[in-house]
Amino acid sequence: MKAQFSLNFRDYNRNQFDFQCLLILICFVFSWLFIYLTTNDELCKAIFIQNSLISTWTIIYSIRIILPHSTKYSFAFMIFQCTVTILNGSAILMMLFYEDFGLCLLLVLSLFLSKSIFIAGPTLCPKTCSFIEWLLISMGCSGFFLSINLHWWSHFEDVINRPIYTFDYVVVCECLLLFGMIVSILQIIPWSTTITTTTQFYISLITIFSSVFLPQAYFFLNQNPFIWLFNYILNKSHRVYLLLFWLITSLFSLLIINLHLKFTKNLNIKHEKTIIRKYFHFLAIIVYTSGILLDTHLLIMCSVAFIVLLLLLECMKIKNIAPFGNIIRNAWNMYENEKDTGSIMVSHLFLIIGLSYPVWLADDNRRLAQLSGIISVGIGDSIASIVGSKIGIHKWPGAKRTLEGSLAGLIAQFNFIACLWYFDIIPYSQYNLFFVSLGLLFTTQIEAFSHDIDNLTLPISLFPFLYACKT
């Protein structure tokens with residue numbers, strides 16, 4: 001059964017949980033610990049405890065597979081498993097004793113949700129993601145479950161003893177993301193054989209929007225969400241100009257890509273796909289850097305809306321929803337990554353999530369941490385890929401990446417941060433220089449040897465180092 005389940009992961013013939021994956025997982029878990037220690041936020045504490053429990057059981061699962069099947073190792077594994085079980089149970093009992101029953105119940109439910117997603121995801125969407133990618137997705141979804149439920153039940157103080165309130169734009173993003181996720185899940189799981197997939201898609205779209213998004217948004221905002229959004233944008237004049245700037249930049253980038261395709265029809269298509277994907281990386285640099293420096297709240301809302309849009313477009317592509325299914329499929333084929341081997345194309349989704357993840361987690365006092373996605377993916381990975389494909393000769397031992405590309409990416413990332421220091425956009429200190437250098441070297445190593453999609457793993461790897469920098 002375990003062997004059959006492992007076949008559902010992308011690149012199932014390799015070791016799915018190696019040392020690189022362990023480092024990425026540690027970075028993801030400790031990011032939440034650092035945020036909790038600096039903000040004392042109850043939600044971050046709950047998510048950290050949840051991710052720690054999931055991670056320990058993941059390590060147990062991996063050790064079980066790696067260790068030889070002998071009596072000596074089985075006994076050692078049993079002792080280790082019992083120890084971790086006691087520690088995990090003690091953590092939940094401490095929360096139940098010192099905190100409140102409602103928070104503990106939500107934590108337990110989120111753990112079950114994470115395990116369900118990790119098992120059902122690869123089964124329903126085989127070859128789409130690797131082991132660590134599905135694990136990160138399951139942990140992210142369960143963390144989202146914790147967040148939206150804590151914000152919901154905080155309105156009823158008899159359920160949650162210490163209410164967790166947040167900004168209006170955050171709960172709007174949560175409602176919108178919940179809408180997109182439910183609609184997407186309904187497309188993966190066939191729930192009707194009597195109606196066409198096109199009708200099924202539009203029924204689920206309208207039903208979930210009117211029964212999930214609108215009521216929740218009304219509940220949190222106490223007003224029409226569309227009126228709230230209109231007032232929110234017009235509340236500050238620069239938001240209109242920023243949205244127009246992003247729109248014009250995006251249209252100009254599409255024009256450049258079309259011109260590039262017109263003059264390179266007879267060249268290596270695989271190489272051209274790489275170049276075109278890097279165009280979007282550089283577009284992301286412009287959009288996200290301007291958003292982080294001018295209005296992170298607006299950037300967060302737009303990033304969530306864009307992720308939901310990509311989810312819906314991907315559903316339309318897979319189900320061939322009229323009238324846009326074939327158009328989306330033809331357009332998406334040009335930007336497909338070699339790691340998009342499953343039925344769902346995830347590299348573009350991981351790009352937006354990877355760029356947005358640091359902005360979602362870090363506050364405006366930690367600009368450098370918010371730029372983790374831009375630095376690692378938008379600049380480092382793009383430059384490394386372009387230089388490596390053009391002039392790369394010497395490969396890393398046991399890897400496909402070149403030394404020349406990795407060195408170019410490392411230099412480009414450091415130069416970008418040096419420019420931010422030079423123009424006094426972020427504060428410079430020897431303490432910050434140490435963590436920046438350590439983070440960039442660590443991320444370069446992850447980029448060189450990791451078999452997973454860089455768009456997701458690189459921002460997660462760099463974020464804790466830049467978050468540790470002093471503001």
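Keep in mind that glycine also has a Cβ here, set from the backbone N, Cα and C atoms.
Automated prediction, rather than curation, is the source of TrEMBL annotations.
Annotation source TrEMBL lists transmembrane segment at 21-39 (among others).
The annotation transmembrane segment is assigned in TrEMBL to 45-63 (among others).
Under the heading transmembrane segment, TrEMBL lists 75-97 (among others).
The transmembrane segment feature in TrEMBL is assigned to 103-124 (among others).
Summarising the annotation, TrEMBL assigns transmembrane segment to 131-152 (among others).
According to TrEMBL, the feature transmembrane segment maps to 164-189 (among others). Beyond the ends of the transmembrane segment (164-189), by six or more residues, the same chain brings 41-43, 124-125, 141, 144, 147-148, 150-151, 154, 197, 200-201, 204-205, 208-209, 212-213, 216-217, 220-221, 225, 228-229, 232, 297, 300-301, 304-305, 307-308, 311-312, 314-315, 318-319 to within a C-beta distance below 8 angstroms of the stretch.
The annotation transmembrane segment is assigned in TrEMBL to 201-221 (among others).
The annotation transmembrane segment is assigned in TrEMBL to 241-261 (among others).
Listed by sequence, the residues of this chain that lie at least six past the ends of the transmembrane segment (282-313) yet keep a Cβ under 8 A from its Cβ atoms are 167, 169-170, 172-173, 176-177, 179-181, 183-184, 205, 233, 236, 238-239, 242-243, 245-246, 249-250, 253, 324, 328, 348-349, 351-353, 355-356, 359-360, 364, 367, 370-371, 373-374, 377-379, 382, 425. Feature annotation from TrEMBL assigns transmembrane segment to 282-313 (among others).
The transmembrane segment annotation in TrEMBL covers 342-362 (among others). Taking Cβ pairs closer than 8 Å, the transmembrane segment (342-362) reaches residues 10, 31, 35, 125-129, 133, 277, 280-281, 284, 288, 291-292, 296, 299-300, 303-304, 306-307, 310-311, 314, 317-318, 332, 335-336, 369-374, 376-378, 453, 455-460, 463, 466-467 in its own chain, all 6 or more past its ends.
TrEMBL lists 374-393 (among others) with the feature transmembrane segment.
Counting same-chain residues at least six beyond the ends of the transmembrane segment (405-423), those with a Cβ under 8 angstroms from any Cβ of the stretch are 367-368, 371, 375-376, 379-389, 392, 396, 436-437, 440-441, 443-444, 447-448. Summarising the annotation, TrEMBL assigns transmembrane segment to 405-423 (among others).
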